[in-house]
Amino acid sequence: MTTGMKLKQFLLHEKRAGVDLPYDLIELIHEVSITCKEIAATVSRGELSGVLGVAGSENVQGETQKELDIITNDIMADHLSVSGLVAGMGSEEIDDPIDVPSKERGEYLLMFDPLDGSSNIDVNISVGTIFSVLKAPLGCKETPKLDDYLQKGIEQKAAGFVVYGPSTVFVLTTGQGVHMFTLDSTIGEFVLTTEGVSIPEETTEYAINMANRRFWEEPMKQYIEDCQLGEDGPLGKRYNMRWVASMVAEVYRILIRGGIFMYPYDNRDPSKAGKLRLMYEANPMGFIIEQAGGMASTGHGRIMEVDSTGLHQRVPVVLGSAAEVRKVEEYHSKAEKVA
Ligand code: AHM
Ligand code: MG
């Protein structure tokens with residue numbers, strides 16, 4: 001009976017059961033979970049913390065940073081840089097890779113978005129932390145170079161996210177399915193509540209920011225138009241729509257009851273291939289969705305096989321229930337054939 005096991009206890013149990021999980025990867029996941037408890041505590045204090053609102057700076061992507069973006073980035077970076085488990089880190093909030101002192105270096109690279117959906121903080125809607133673990137090609141011997149980080153999503157050793165909602169839940173994959181651990185604040189531990197998450201193959205619920213419709217490419221416009229035609233249209237079923245504007249909340253919902261989430265390419269700024277970032281948003285979420293039986297695509301192919309060209313590279317994202325993601329890919333491939 002694994003339900004009720006604490007996070008680290010469960011990972012050690014899996015290792016004993018034959019899952020390929022190095023001890024230092026277990027330790028790294030555990031350390032990340034500790035920082036997420038600290039972030040959960042900080043976020044939950046809301047207005048009491050006196051740190052809601054804008055920090056007055058911009059990150060490398062030209063986005064306004066919230067004070068909590070910076071505070072949560074520091075919580076993660078400071079904690080992990082003395083853990084002896086990472087050789088370097090990449091964060092949404094920091095332009096360049098974060099180096100780790102030589103004596104503290106470990107074998108892994110950690111990519112993270114410390115507070116995803118932070119525009120929702122002031123209005124008290126769920127936000128989260130997303131992370132992805134890669135192996136450092138040179139191990140702990142040298143400071144990793146930018147190139148060392150630029151690995152495809154299929155190279156990920158673990159990925160996860162934490163949603164800070166009505167309850168705080170840690171969602172994890174190490175390539176052996178997806179498991180959910182709920183924070184039991186009475187004992188201060190993440191406790192296994194769902195083992196082996198499975199996304200329904202079919203869905204009638206889509207999530208997309210409709211306000212960007214005029215900037216999308218034709219296949220995406222056509223797919224959404226057909227969803228809106230419901231049972232009278234070519235898709236032959238009535239759809240429902242959700243948009244939380246927090247990817248962690250959208251992906252969590254899809255893991256629980258299925259659905260499709262899209263942040264497609266749009267031509268607001270032709271230099272950007274979408275809004276979401278490959279290394280610390282799309283890849284880890286793609287790994288989790290696939291491990292739960294869903295699909296994660298750019299509309300043209302698998303996200304986890306996209307070549308990585310930069311720490312903050314953007315990518316179109318279409319993920320969720322496999323049959324529905326496949327349909328969106330068909331809309332794109334049909335359009336390519338006509339062109
Ligand atoms: P962030 O990392 O700056 O918070 O941006 C990512 C977020 C996602 O969580 C969410 O899906 C999307 O941005 C919402 O975008 P929009 O503001 O277009 O609704
Ligand atoms: Mg983000």
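Each Cβ is built from the backbone N, Cα and C atoms, and glycine gets one as well.
Summarising the environment of Leu115 (Mg(2+) 1 binding site), the number of other Cβ atoms within 10 Å of its Cβ, over all protein chains shown, is 30. Residues or ranges marked as Mg(2+) 1 binding site in TrEMBL: Glu92, Asp113, Leu115.
Annotation for Asp113 (Mg(2+) 1 binding site): spatial neighbours Ser91, Glu92, Thr129, Ile130, Phe131, Arg277, Tyr280, Glu281, criterion Cβ-Cβ under 8 Å with sequence separation of six or more. Annotation source TrEMBL lists Mg(2+) 2 binding site at Asp113, Asp116, Glu281.
Sequence annotations record features per position, and here TrEMBL assigns substrate binding site to Asp116, Gly117, Ser118, Ser119, Asn209, Lys275. Every protein chain shown contributes to the tally, and the Cβ of Ser119 (substrate binding site) ends up with 14 other Cβ atoms within 10 Å.
The domain 'Fructose-1-6-bisphosphatase class I N-terminal' annotation in TrEMBL covers 7-195.
The feature domain 'Fructose-1-6-bisphosphatase class 1 C-terminal' is assigned by TrEMBL to 199-332. Per DSSP, the domain 'Fructose-1-6-bisphosphatase class 1 C-terminal' (199-332) is made up of 60 helix, 21 strand, 53 coil.
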Where Asp113 (Mg(2+) 1 binding site) sits in the secondary structure, as DSSP reduces it to three classes: strand
Chain-internal residues near Asp116 (Mg(2+) 2 binding site), provided their CB is under 8 angstroms and they sit 6+ positions away: Glu92, Val127, Gly128, Thr129, Ile130, Phe161, Ser246, Met247, Val248, Glu281
Which of Glu92, Glu281, all binding-site residues, has a Cβ with the fewest other Cβ atoms inside 10 Å: Glu92
List of residues, in chain order, with Cβ under 8 A from that of Lys275 (substrate binding site) and at least 6 apart: Tyr263, Asp266, Arg314
Contacting binding-site residues for ligand 2, chosen from Leu115, Asp116, Ser118, Asn209, Glu281 when the Cβ sits under 6 angstroms of any of its atoms: Asp116, Glu281
8 Å Cβ shell about Asp113, Asp116, Glu281 centroid, Mg(2+) 2 site members excluded: Glu92, Phe112, Gly117, Gly128, Thr129, Ile130, Phe161, Met247, Val248, Leu276, Arg277, Tyr280
The domain 'Fructose-1-6-bisphosphatase class I N-terminal' (7-195) [mean pLDDT, rounded to integer]: 93
